[in-house]
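Remarks on the structure that follows.
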Amino acid sequence: MPRSASQPPDDALQGNLFGAPEPAAPSATATASEPETASHDLSDDELGADAAARPRTRQATASEGSSEAPAANDSEPSRDEPAWGHHSQLDPLQLTPMLRHYVELKAAHPERVLLYRLGDFFECFFEDAIELSRVLELTLTGKEGGKAIGRVPMAGIPHHAAERYCAELIKQGYSVALCDQLETTPTKGALLKRDITRVLTPGTVLEEGMLSARRNNWLAAVVVEPAQGKQPLRWGLASADVSTGEVQVMQREDSSALHQQLAQQEASELLWAAALDTERPAWCPERLRLTPMASTPFSPVEAERTLQQHYGLSSLDGLGLPEHPLALQALGGLLGYLQDTQPLEEDSRIPLEVPAIVHRGDALVLDAQTRRNLELTATQRDNQLQGSLLWAIDRTLTAMGGRCLRRWLEAPLMDRQAIQQRQDLVSSLVGERSLRLAIRQLLRPMGDLERLAGRAGAGHAGARDLVAIADGLERLPQLTARLKSAISTGPEWLQQLLSPDPALAELARTIRHKLVEAPPLSLSEGDLIHDGVDPLLDGLRNQLDDQDAWLSHQEQQERQRCGISTLKLQHHRTFGYFLAVSKAKATAVPEHWIRRQTLANEERFITPDLKEREGRIFQLRARACQREYELFCQLREQVGAMAAPIRQAARAVAALDALTGLGDVAASGGYCAPTITDGRGLQLEDSRHPVVEQRLVETAFTPNDVQLGEGTDLVVLTGPNASGKSCYLRQIGLIQLMAQIGSWVPARSATVGIADRIFTRVGAVDDLAAGQSTFMVEMAETANILHHASDRSLVLLDEIGRGTATFDGLSIAWAVSEHLAGDLGSRTVFATHYHELNNLAAERDNVANFQVLVEETGEDLVFLHQVQAGGASRSYGIEAARLAGVPKPVVQRARQVLDQLTA
């Protein structure tokens, strides 16, 4: 929410989002006599009688060994049970001043969990407290709400652990509004000034602990234009990763295309103009988090105004957005949402890039089914990274490189020149092992410059973040020197590394000059800025050195006065400065000393002179810390202003990291550089599955050839169960995809024609929630393929029609095969147990039969996993059943029945 210019920035009281407070302004009354954790800034009315030392651990249940017996009557509330469960049930005028303020803020954020800073805790009340205690397993306690109200529900989290707890809330889909203290000392008789400083939602977080390092965190917004009659649905989609600054927009037709795009992107949060109680539309994937918004930010006029204000433009014509009005409206709604959830000051606005317009045909299309079947980024069985294609080929060393490779896999290229540029760089890196190793050595310790720059631009970066930025920028000239020795030209992004921006090197020098090498996590306790940077800070430090000298002299002087050689002048964070002597010497101290504390073996004293000097030291230290904080904020603002060029360099580093990793995989895996063509041919010699071959330990992978698209559009693949047909299908799809991201591929040689889409139908299960049987799921997937495949598509089918009667299934499989080979002309591999489909090859010249070989030795069956021309005549299903452990009598009876049926 907006704040006046006089209010401090979000972290004026915090080193980072949840860090230590800003140095307090020096005060003549400041002393160290108050405990560090005391809530001395809170009035009794604010704290209530129950605030002191309440428990923070989860209450034990009977199964956890609780020694307390359960209540005799569960319906009878205990004395401490809150009387009110929702703030709307109360008259605000009857609440205490603090709770009245809480309710006012909650009314502005009814859909979010409100965390309200009270001393060392963030507290929740009413319904939020009940929900927080349930979700985070915290103790639900109560607080006096007013004389006429009694106790209200309360739960809280320590402020130093707030990031961890908020991360868990965000992970579970909640949004959080943070109300922080905006001053350290209240006006007499008034509450501390507090206000909402941040709103955390799944799509807007910037904190490292709330983000997945190796995947983008997309915030998306959609505008849908209702279909008129039989006209297709028109929609515009805007997506932004606020942590990296990337912005994309697109405008399309057809609700299935919208569903496919949303499923592929997997945004953390989707915004749309709708009422809170609106049902989830059919085009929205079930697992996607929907955030309804008012329609105003999405209106054409308001959206255009928001974009002009954000990008500082008088016209949007230069962005190309007027030609995509629905996408423009979606982006306007997205930026409006960010304005409501992020700081609005010019020096702390999240730096977002100019939107990139994604056109139809820019990338190979992968629907959710294909992504799942090919196991691109997660396994089909348990949704884990290990065992996926990304796991097999990701050898990136930086988080931004990992995100880059993932984006490439999710949107393979269709432009042959762009593919060839990537592949040429991979080839250079494969051939130059020393270059590859040198680059990887430079990349290994590099921080996430993309997100670090974003945090700096938003005003949330800490001192260690800036040091990490400097370290990364200092490595750019070293990368340049290495690259120029082997690579002289390349794509536009590579020029960022071959000719780095000199302003970035200057920025790195500035950071190194001003910040110490290993700054503390807190921004409030000093030790951030080098000596010699600021005359005022140097003067304050010199005065503090003088005070240290006085303390040392005072210690020696008091020893001589008392004759106690073991006397020590020490400091404690809670009690301040004191003179410590042993118990035995306590009677020898002067009478003007004042006893401060008694310990088992030691007595501690203060003197008027020491106390007066302590106040002076604390004032100097507070002024020095305040000055360091001001200097740091100036430096952070300077770094944030350079967020755009830092991110440009970071993207170049990320691409280099991804390509170097692909080069490493290619060199160690015996891959080849595929020949990329504009034709339809797919010729692979001795191709292998990139994941399966890495997981084989005791046996070698059996390579196979592929011939598609040049005379043969449809391959009918037959063979026994468990012989490797599905693996062969997936292998073809993965190699097609790898070639189109610019990678080398696992084969002896490869010629790959660019595909516009990859379709897979491999296995099916019941969708009980949607009321669909296995057969209906299979037919729906098949229908999708037949409606959208073209002659440039690659179609991989593993069985069609097996969920119904034999002749029905065969008829469907035959008709589908004819349509794919004839009307559509798609490059297709169809694995089937319907051996009758082998007859298609005699009817159509563009159909070929292949089989997976098997060898019989007596009753044993040996799978050779080798694909060879010709059709199989048997499926060996009974033999496969025997190998799977089906009881022998059942196997014998199955053979008898088979003999009878085939007689």
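Each Cβ is built from the backbone N, Cα and C atoms, and glycine gets one as well.
The region 'Disordered' annotation in Swiss-Prot covers 1-89.
According to Swiss-Prot, the feature compositional bias 'Low complexity' maps to 20-36 (among others).
The compositional bias 'Low complexity' feature in Swiss-Prot is assigned to 49-62 (among others).
The ATP binding site annotation in Swiss-Prot covers G719, P720, N721, A722, S723, G724, K725, S726. The Cβ of G719 (ATP binding site) lies under 8 Å from the Cβ of K725, A831, Q851, V852, L853, V854, A872, S875, each on the same chain and at least six residues away in sequence. Taken residue by residue with DSSP, G719 (ATP binding site) is part of neither helix nor strand, so it is coil.
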Additional residues surrounding ATP, by Cβ distance to the G719, P720, N721, A722, S723, G724, K725, S726 centre under 8 Å: A831, V852, F863
Per-residue Cβ crowding (10 Å cut-off), top of binding-site residues S723, S726: S723
Cβ atoms near N721 (ATP binding site) (within 10 Å, other residues, all chains): 16
